[in-house]
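Annotated NADPH binding site per TrEMBL: THR10, GLY11, SER12, ILE13, ASN120, GLU122, GLY201, in sequence order. Per TrEMBL, 1-deoxy-D-xylulose 5-phosphate binding site is recorded for LYS121, SER147, GLU148, SER172, HIS195, SER208, ASN213, LYS214, GLU217. The Mn(2+) binding site annotation in TrEMBL covers ASP146, GLU148, GLU217. Annotation comment: TrEMBL describes 4-128 as domain '1-deoxy-D-xylulose 5-phosphate reductoisomerase N-terminal'. Annotation comment: TrEMBL describes 142-225 as domain '1-deoxy-D-xylulose 5-phosphate reductoisomerase C-terminal'. The domain 'DXP reductoisomerase C-terminal' annotation in TrEMBL covers 257-373.
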Amino acid sequence: MKTMTILGSTGSIGTQALEVAAKHNIKVKALAANSDVEKLAAQAKELLPERVCIYREDKKAELEKLLSGTGIKISTGMEGLKEIARMDGVDIMLNSVVGMVGLVPTLTAIEKGTDIALANKETLVAGGELVIKAAAEKGVKIYPVDSEHSAIFQCLQGNEGNKLKGIILTASGGPFFGKTKSDLEGVTVEQALNHPNWSMGRKITIDSATLMNKGLEFIEAMWLFKLRPEQIEIVVHRQSVVHSAVEYEDNSVIAQLGVPDMKIPIQYALLYPERVECDVKKLSLTDYGKLTFEKPDYDTFDCLRACIKAVTIGGNLPAAVNGANEEAVAAFLDGRIDFLDIGRIVMSVCDSTPRKEIKCVEDVLEADRLAREEARRLALAMKN
Ligand SMILES: NC(=O)C1=CN([C@@H]2O[C@H](COP(=O)(O)OP(=O)(O)OC[C@H]3O[C@@H](n4cnc5c(N)ncnc54)[C@H](OP(=O)(O)O)[C@@H]3O)[C@@H](O)[C@H]2O)C=CC1
Ligand SMILES: CC(=O)[C@@H](O)[C@H](O)COP(=O)(O)O
Ligand SMILES: [Mn+2]
């Protein structure tokens, strides 16, 4: 029986992954969440994993009470996540936490030699060089869960040895496609959370609205598929049916299509290379009738420009823009800043951060810390 652990089991990806695991008889050996004790306890009571981690120490007592008598080991904080990442006898660890807090557990799992299904894109944005190098050294496989990267990975199958010319990274355009900056003055949290095609966690949904998500995915693709910036074309495709495409030397373009449902990429990552029945709607192209493709608006969406600028400069800059964005999104969701302030903060941190080499994980954590500090200062100055 295949075995797995899940970091972020209570979230949008985590809960869908549990459904995939149940359908395909994958034994779940550990679960982790940040603060949602009730959901985590319910999952643990049903699945009886060896271990659970609740990141927030102040929630431990409540979890202990809910799981008393089960014999499940309970831990907290980063040490708890690392304990899960180091567990013996695990075939694959799904990292579906939100934010760059996922970086250290990813590196720990790689050190242990455990393959990773990676949804947590912030990990590769902040520490891509370290992660990819460590995985190659340890012979650890990283299976992309992000729909676009799964699409690219699927299009690469059977073409090993053929040189990749580039990729087409599709973007839905989010809820504000076609809007100008003046249209976006004062948009609400509710409007920004209204993604046209995907139901996801709050942070990534805001990232889709600012197009930061596409910027993060641009960087994620560079690391996963060893691409240079000029090899990636971002195309707005409003229907989210073509999940991305690859282009070969002969100008042949191969795309992966499907209804917008994360169960397909989650299942492909967990069961690779098997393709078996998946609980998603069958794609009917005639129901869609028309698929559209347009250029992104780099002027309106500052975050997208900032990410491409950051990865072109390299070093600590991707970690800095990511850290700044995590702070800015939290401030927007809290009602402390306006929607357009997210882009202002991310771009300002990108412009003001001096480039430094990343040599070790501490360098990434320091870049993240400094960027968050600056982002918080800017958010305070912009405070509504
Ligand atoms: N949702 C989607 O369709 C897609 C998501 N992704 C990426 O996958 C990741 C997860 O996204 P999504 O599922 O939408 O996010 P959610 O907000 O729905 O879920 C986040 C999960 O991470 C947990 N978590 C957060 N911080 C910690 C922590 N410090 N320690 C342990 N667990 C933590 C949360 O726990 P708690 O519930 O207790 O807060 C929750 O289980 C993100 O990086 C996102 O960009 C990529 C492609 C598609
Ligand atoms: C489902 C998924 O992979 C998300 O990252 C999705 O891509 C968000 O859509 P857009 O960022 O293209 O709006
Ligand atoms: Mn995606």
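Here the Cβ of each residue, glycine as well, is placed from N, Cα and C on the backbone.
Summary: among the binding-site residues (GLY11, GLY201), the fewest other C-beta atoms within 10 A of the C-beta are counted at GLY201. Residue counts for the domain '1-deoxy-D-xylulose 5-phosphate reductoisomerase C-terminal' (142-225) under DSSP, split into helix (H, G, I), strand (E, B) and coil, are 41 helix, 11 strand, 32 coil.
Assigned with DSSP, the residues of the domain 'DXP reductoisomerase C-terminal' (257-373) fall into helix, strand and coil as follows: 69 helix, 2 strand, 46 coil. ASP146 (Mn(2+) binding site) is 12 Å away from SER12 (NADPH binding site) when you measure Cα to Cα. Candidate binding-site residues: GLY11, SER12, ASN120, LYS121. Not one of them has a Cβ under 6 Å from ligand 2.
Same-chain residues with CB within 8 A of the center of the ASP146, GLU148, GLU217 CB atoms, the Mn(2+) site residues themselves not counted, are LYS121, PRO144, SER147, HIS149, SER150, LEU169, ASN213, LYS214, LEU216, GLU220, ALA221, SER244. LYS121 (1-deoxy-D-xylulose 5-phosphate binding site) falls within a helix when secondary structure is assigned with DSSP. All chains included, 26 other C-beta atoms sit within 10 angstroms of the C-beta of ILE13 (NADPH binding site). ASP146 (Mn(2+) binding site) sits 11 Å from GLU122 (NADPH binding site), taking the CA atoms of both as reference points. The Cβ of GLU148 (1-deoxy-D-xylulose 5-phosphate binding site) has 28 neighbouring Cβ atoms from other residues within 10 Å, across all protein chains displayed.
Only LYS121, of the binding-site residues LYS121, ASN213, GLU217, place a Cβ under 6 Å from an atom of ligand 1. The 6 Å Cβ screen around ligand 3 retains nothing from the binding-site residues THR10, GLY11, ILE13, ASN120, GLU122, HIS195. On the backbone, the CA of LYS121 (1-deoxy-D-xylulose 5-phosphate binding site) and the CA of GLY11 (NADPH binding site) stand 15 Å apart. Calculated from their C-alpha atoms, the gap between HIS195 (1-deoxy-D-xylulose 5-phosphate binding site) and THR10 (NADPH binding site) amounts to 20 Å. Ranked by how many other Cβ atoms sit within 10 Å of their Cβ, the binding-site residues THR10, SER12, ASN120, ASN213 place SER12 at the bottom.
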